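Each remark here refers to the structure printed beneath this line.
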Amino acid sequence: MIDLRQAKRLAIIGSDIGGWFAALTLRRIFSSAVEIVVFEDPKKTDIGIGEGGLNNLIQSLNRNKIDVEEFVRESGATFKLGTSFEGWRNGEKSDVFYHLSPMIGEQVQELEFIAFGIMPLLAARVSAGADLHSFFPGFSLIQDNASQIEARAVLATKRSGLAPSYHFHHQKAEQYLKSVALKRGIKHRLMKVDKLLLTSEGLTYALKVEGEEVAVDFVVDASGFKRIAMGETYKEKWQSFKDFQILDRVLPFSTAHPQKNPALLTNAVAMSSGWMSQIPLQDQVSASYIFSSKHISEDHARKEIEHYVGHDITPMGLIRFDPGNFETAWRKNVLALGAASGFIDLLEATSSGQMFEQLRNVEKVFIDGRGVIGNNIIDSFNRSNNEGWLGLIDFCRMHFEGGRDDTRFWKDVSKLPRSDRYQELRACFDHRLPRMLDIENYIGHGWAPIFHMVNWLLVGAPLNLITARAGASELLGLPTSLREQITPYMSRLQNMGLNGRNNMNDFQDSELIRLIMSGDMRETDYQQRLG
């Protein structure tokens, strides 16, 4: 048990975005008599890459009473409505699909009509081989390269069907959050933390800071890849994801906007030995090649980038990482946050998404426990946090299973083992669409999923991992009254000729549509029809 009711000082090691959000969160929870201090390493290197958030970025800004418009202005932020994926199935520039961020409650029928654990109209689109992005009213913003002002106006109508987040300049966001924190009485010390000093029971009683001992009652390790707490001090077990994910390098650079206005989504481009992230900021595109060092050298990665963008680039350093997480992120009175607790990849903003969910649950524990926290509660936090990381690695793994096999990297990725849980999911997706039941398997008590069942569908179906057969199976299982409601929608799909995925033209046959929607066809008949 730890008792923080008489705490005098809470320390954060590291001044990245997670560190400042942690400081702001603790400042809200504890009285003004408790000192909140952030230690920033004076030798910290800022490479200034851009970052994309998920929906919980805005939730975290609001929770900490940070003016969102001010954050946008000060951090060079732009709207993020999702991610486009280029070349993940066959390597061609024309090979594009979208994972947009859905917003329930905006009168988009495909998202609002829910029955028997699925969204039947999305099942209809999957059955018909239709895309899963053009039905969003807000997709026209992306198509038309709308300005930030135009996007803000459409999003304000609450009819776009899209849940916005933001791209932002990492270093500018840090500086802005720092300014907010200092105004709220949070202390900042430009000093390197050398080590944690422990009692015989394993509690951290002080930090060794440049020869000085600084007494502490609670510590948040936001030191990033240094991992001074769970790695250097407690030597907790590291759960490696190398069996499932072989990326281990990030080569960041920047380039100019290719269009008049910043894109409204992150662009993820499949490359020969990994993928390239393109994050549009207000004044530039912050990009990174995330690659496997076993398949390409840094120099060849740079040349591949230059061939793609059509001009020379200036790399901003090289980041090495080991995908995985600590099974224990909270030990005694020390919490590892964000990259200090684990990291997978830049794909789908998983790192920041998990960090904000960690903070949300830490806050809940502190408030509900009134500062008195039992070891059983800490154990529960660790189990839930670990489950979250396992769900994220499986979700990321799915992106690499679109069938591409034209380079050594993509051939090797296709041969990687799957986790037992993900293997079972894939087996289920052969027969049906994702359900909340599947996602709950990755969620701990009180935690929220980073990605919901619709997110798995929006990625899995374009990759043909969730097939037309699975969509049809769902439709065949619906009551006749529901199928009758869906029949006009299916007919419209046929008339519009929406058959953009993997040559799935099964529903170009109007008689086939009629049989399935009327209930006159069994699933076995449908499978025979597919051949």
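Note that Cβ sites are derived from N, Cα and C of the backbone, with glycine treated the same way.
Given the structure is predicted, the values throughout are model-derived calculations rather than measurements.
Now, the feature entries from TrEMBL:
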- LYS80: 7-chloro-L-tryptophan binding site (BINDING)
- LYS80: active site (ACT_SITE)
- VAL193: FAD binding site (BINDING)
- GLU348: L-tryptophan binding site (BINDING)
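Taking the C-alpha positions, the distance from VAL193 (FAD binding site) to GLU348 (L-tryptophan binding site) comes to 31 Å. For the residue listed as '7-chloro-L-tryptophan binding site', the same-chain residues that are 6 or more apart in sequence and have a Cβ closer than 8 Å to its Cβ are GLY52, GLY53, SER101, PRO164, SER165, TYR166, HIS167, LEU264, LEU265, THR266. Annotation for GLU348 (L-tryptophan binding site): same-chain Cβ neighbours under 8 Å, separated by at least 6 residues, are LEU54, THR83, HIS99, PHE395, CYS396, HIS399, PHE451.
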